[in-house]
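Enquirer: Sharing a structure with you now.
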Amino acid sequence: MGKGDKTHINIVVIGHVDSGKSTTTGHLIYKCGGIDKRTIEKFEKEAQEMGKGSFKYAWVLDKLKAERERGITIDIALWKFETAKFYVTIIDAPGHRDFIKNMITGTSQADCAVLVVACGTGEFEAGISKNGQTREHALLAQTLGVKQMIVACNKMDSTEPPFSEKRFDEIVTEVKSFLKKVGYNPATIPFVPISGFNGDNMLEPSSNMSWYKGWSVERKEGNASGKTLIEALDCIIPPQRPTDRPLRLPLQDVYKIGGIGTVPVGRVETGVIKPGMVVTFAPQNVTTEVKSVEMHHESLPEASPGDNVGFNVKNVSVKDIRRGSVCSDSKNDPAKESKNFTAQVIVMNHPGQISAGYTPVLDCHTAHIACKFAELKEKVDRRTGKSTEASPKFLKSGDAGIVELIPTKPPCVESFTDYAPLGRFAVRDMRQTVAVGVIKSVTKDDGSGGKVTKSAAKKK
């Protein structure tokens, strides 16, 4: 395979706060990644000076995180690494304050979640307890449609005795049982005993665990087996990018560029956009023609899902459209404004309870929407989705329910089954994510009488 031929995949690393996510991720980036020798040497020197000689790999990530949180745009290559088959981008790792929000409004959808659990005595139990984040992260991944999972059983070097087969088996049994409850099929999940710190079973089979015969998975796309974490990553089933769906492109920004005009910028979520196409922006219901499409300052004949593009539109002012607007093909299921919508929400960390009338802010794709919980229709079992109570008075942390939401100003959202990236949202209140949801159905405005530019009218 030539260098340019590898498929790009996105992973998200999840697990309890002390499970060793940073060390494990850092190890992969360090050994297979985009960090050049000079940077590593610089980090190592700093670590030694600070007396963090044992920094190993987490330090790499701490540096990157600190820079990312200070808003320094760091070279995104630092979050990438390569396997035999894939270019892997780590789209986020928790511990980051906005992790949950990021995972939902996701700059992109993760193709696979790597769940890191710590196997040290007492550590695993803490992570999986009622208050541990292990379950919450796994549930979140499942709710947001991350279909594939790999479990890295970390810190095998600190079990009693070290590298204990008995402890590994015990943990695998436990994790399988709760992943099943969340909705994953354990037969499709590789379980790999590793030490992210020492490197056991990360890239090469470990001589410390000769008892480990390897992982194997059964799935309709074909069975697979291997011994190491990197091999498990290599067996991820690459996603089908949704080029055949109608266009949906949520805007991140709209620029006015002298001599060119209005340039909306955003990421193609579904479908394709190309010059000459007549597009409609919702909820504003503005229709115009695309003059050109650019990515990284080069003009493109067309852009497809995953591409971050800027495109030039004719006779539309910067005042007409804004961040959160959605661009669509006016001739193929154009996007419309959403009057109200029904969603399934899971309440995560709300200190009190949510009842009808509650009006928080929803983050859905690039839009920021004030919304009223108009009606709590039913409480449902999180795992099965079956109704457990009709018209509940309130929902509290841990509950899931079907609710009717009415936005204060109509946005453009879609049902999760039609356009997944536009159908997931985070409910934000008190500066944190209090619930997550997926949209089941949307009442749309038929949107007659919008603005149509001359060039668009000509093409109709």
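Backbone N, Cα and C define each Cβ position, glycine as well.
Predicted, not measured: the structure shown is a model, and the values here were computed from it.
Below, the features straight out of Swiss-Prot:
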DOMAIN    6-243  domain 'tr-type G'
MOD_RES   Glu302  5-glutamyl glycerylphosphorylethanolamine
MOD_RES   Glu375  5-glutamyl glycerylphosphorylethanolamine
REGION    15-22  region 'G1'
REGION    71-75  region 'G2'
REGION    92-95  region 'G3'
REGION    154-157  region 'G4'
Enquirer: Which whole-number value in Å describes the distance between the Cα atoms of Glu302 (5-glutamyl glycerylphosphorylethanolamine) and Glu375 (5-glutamyl glycerylphosphorylethanolamine)?
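Expert: If we compare the Cα positions of Glu302 (5-glutamyl glycerylphosphorylethanolamine) and Glu375 (5-glutamyl glycerylphosphorylethanolamine), the gap is 43 Å.
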Enquirer: By a simple count, how many Cβ atoms lie within 10 Å of the Cβ of Glu375 (5-glutamyl glycerylphosphorylethanolamine), its own Cβ left out?
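Expert: Around the Cβ of Glu375 (5-glutamyl glycerylphosphorylethanolamine), 15 other Cβ atoms lie within 10 Å.
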Enquirer: Return the count of C-beta atoms lying within 10 angstroms of the C-beta of Glu302 (5-glutamyl glycerylphosphorylethanolamine), excluding that atom itself.
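Expert: Around Glu302 (5-glutamyl glycerylphosphorylethanolamine), other Cβ atoms within 10 Å: 15.
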Enquirer: Per-residue pLDDT averaged over the region 'G3' (92-95) comes to what?
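Expert: Mean pLDDT, the region 'G3' (92-95): 56.
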Enquirer: DSSP on Glu302 (5-glutamyl glycerylphosphorylethanolamine), three-state: which is it?
Expert: coil
